[in-house]
Amino acid sequence: MSLLSDRQKDDLHKAMLDYLYANNHTAAFNALKESAGITYTPDPTARYTGLLEKKWTSVIRLQKKIMELENRNAALQEELSMSPARRAASQADWLPRAPAAHVLTGHRAPLTSIAFHPQYSILASASEDTTVKIWDWETGEFERTLKGHTKPVNDLDFDHKGHLLVTCSSDLFIKIWDSQNEWKNTKTFVGHDHAVSAVRFMPGDQLIVSASRDRTIRVFDVASTHQVRTLSGHSEWVRCVIPSADGTMLASGSKDQTVRLWDPLTGEPKSELRGHENDVEAVAFAPISAYAAIRELAGIPNDRTKRHGLFLASGARDKTVKLWDTQTGQMIRNLAGHDNWVRALAFHPSGKYLLSSSDDKTVRVWELSTGRCLRIVEAHSHFVAALAWGRQAAGKSGSEKKVNGVDSVDAEPEKVVNVVATGSVDETIKIWLP
């Protein structure tokens with residue numbers, strides 16, 4: 001089964017025909033034309049003209065680059081082997097630093113959100129220009145634009161297999177796009193009475209959860225598009241929402257300056273976290289890998305609990321990032337350093353660090369065990385509105401990795417993908433690679 005779309009197949013065939021025609025391979029040209037069953041007319045302005053030569057040149061250039069990198073790697077390994085300490089940072093500890101590997105341009109208004117595909121080198125971006133764009137983050141190449149929303153697209157998320165992409169917009173709609181069917185818009189969800197600020201797939205991918213300026217959080221069934229329940233409690237615009245990895249808890253942040261925790265099964269509030277002094281823009285549950293470092297920071301024993309959702313990070317317009325114990329509702333640490341609104345958060349896969357992006361144009365890296373800011377990355381020329389760390393599961397689905405909602409001891413670990421993406425009001429996306 002070919003992985004190429006019909007359009008990609010057509011372009012490939014025409015590129016091959018173009019090459020054969022240009023080099024007077026008449027017999028092969030006629031044979032391919034008949035076999036492929038396509039109409040071909042030489043056109044020097046067509047996108048497939050000279051494409052094979054360009055791709056071949058790119059492959060040679062990449063092979064040369066690979067050889068150079070392999071030689072460089074061998075030299076570095078030799079240096080390490082001769083070093084007494086041999087304490088160079090491992091790939092597991094990689095952190096982004098300037099300059100960015102790729103700068104992706106094409107959006108015509110500020111970026112609002114970005115999401116990595118869980119299996120392939122695909123990145124989706126949302127913008128105030130009403131579109132979603134699909135990119136190859138490894139090469140930095142643009143792939144396609146998804147049109148359907150009529151107002152700014154505020155957030156997006158892939159399901160755990162990467163088959164579906166969900167988006168939400170100020171046009172009040174939530175849409176699902178099928179990556180296996182030419183990225184067609186296959187479902188539309190209605191129910192919110194104002195701009196939809198955030199959307200996420202719930203673990204299991206059967207439900208989605210959304211947050212809105214109408215002050216509510218809503219849960220929808222993916223298959224039927226029906227609304228399952230409404231969660232009410234915030235007194236102002238709900239800016240963000242995210243489920244815990246096992247789906248037993250939701251966290252939301254609001255213009256009312258609070259973070260709230262919810263039971264998604266009943267819709268009942270569990271607790272309210274107060275401490276921010278302005279709109280809460282971002283929330284992120286800490287992965288289990290971060291528990292030891294956060295407990296060290298909090299000065300509490302590390303009991304090796306594997307339950308999800310025990311700790312939470314929040315970022316707000318008060319320029320701070322806060323770490324919370326969701327069981328007690330207590331704030332563990334206030335991370336201050338940004339000079340403007342904090343817009344997005346991402347935990348490092350190792351669990352050692354937390355990354356935050358801000359309207360001060362930077363990304364900051366916080367060491368969780370000490371609360372110190374280890375690095376400041378001058379990321380963009382304008383506000384950094386979106387931040388994401390690459391995700392890639394290694395073989396097993398989420399349901400196969402858990403027993404009664406808890407990580408199995410025998411679960412295969414997720415593959416760490418060292419790539420970070422940032423999106424900005426400067427209308428660009430930057431890809432940060434080792």
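In case you wondered, yes, glycine gets a Cβ from its N, Cα and C as well.
Just so it is clear, the model here is predicted, and its values are computed rather than measured.
If you look up Swiss-Prot, you'll see 57-83 marked as coiled coil, on the strength of sequence analysis.
The domain 'LisH' annotation in Swiss-Prot covers 8-40 and is backed by sequence analysis.
Nonlocal intrachain contacts for the repeat 'WD 1' (106-147), taken as residues 6+ away from its ends with a CB within less than 8 angstroms of a stretch CB, comprise 153-158, 160-162, 165, 167, 169, 177, 179, 183, 185, 382-383, 385-393, 417, 419, 421-429, 431. Annotated repeat 'WD 1' per Swiss-Prot: 106-147, in sequence order.
What Swiss-Prot lists as repeat 'WD 2' is 149-187. Long-range contacts of the repeat 'WD 2' (149-187) within the same chain: residues 5, 109, 112-120, 122, 124-132, 134, 193-201, 203, 205, 208, 210, 220, 222, 225, 393, 397-398, each at least 6 residues beyond the stretch ends and with a Cβ under 8 Å from a Cβ of the stretch.
Same-chain residues lying 6+ beyond the ends of the repeat 'WD 3' (191-230) with a Cβ under 8 Å from its Cβ atoms: 151-152, 154-161, 164, 166-170, 172-174, 176, 236-243, 245-247, 250, 252, 254, 262, 264, 267, 398-399. Positions annotated as repeat 'WD 3' by Swiss-Prot: 191-230.
Panel annotation: around the repeat 'WD 4' (233-272), residues 194, 197-200, 202-204, 207, 209-213, 215-217, 219, 278-285, 287, 307-309, 312, 314, 316, 324, 326, 329, 398, 402, 405-406 of the same chain, lying at least six beyond its termini, place a Cβ under 8 Å from a Cβ of the stretch. Summarising the annotation, Swiss-Prot assigns repeat 'WD 4' to 233-272.
Secondary structure counts, DSSP: the repeat 'WD 5' (275-334) has 11 helix, 22 strand, 27 coil. Under the heading repeat 'WD 5', Swiss-Prot lists 275-334.
Here Swiss-Prot flags 337-378 as repeat 'WD 6'. Residues 92-93, 95-98, 278, 281-284, 286-294, 296-297, 313-317, 319-321, 323, 384-389, 414, 416-417, 420, 422, 424, 432 of the same chain lie 6 or more positions beyond the ends of the repeat 'WD 6' (337-378) yet place their CB under 8 Å from a CB of it.
Per-residue pLDDT, averaged over the repeat 'WD 7' (401-434), rounds to 70. Look at Swiss-Prot and you will find 401-434 tagged as repeat 'WD 7'.
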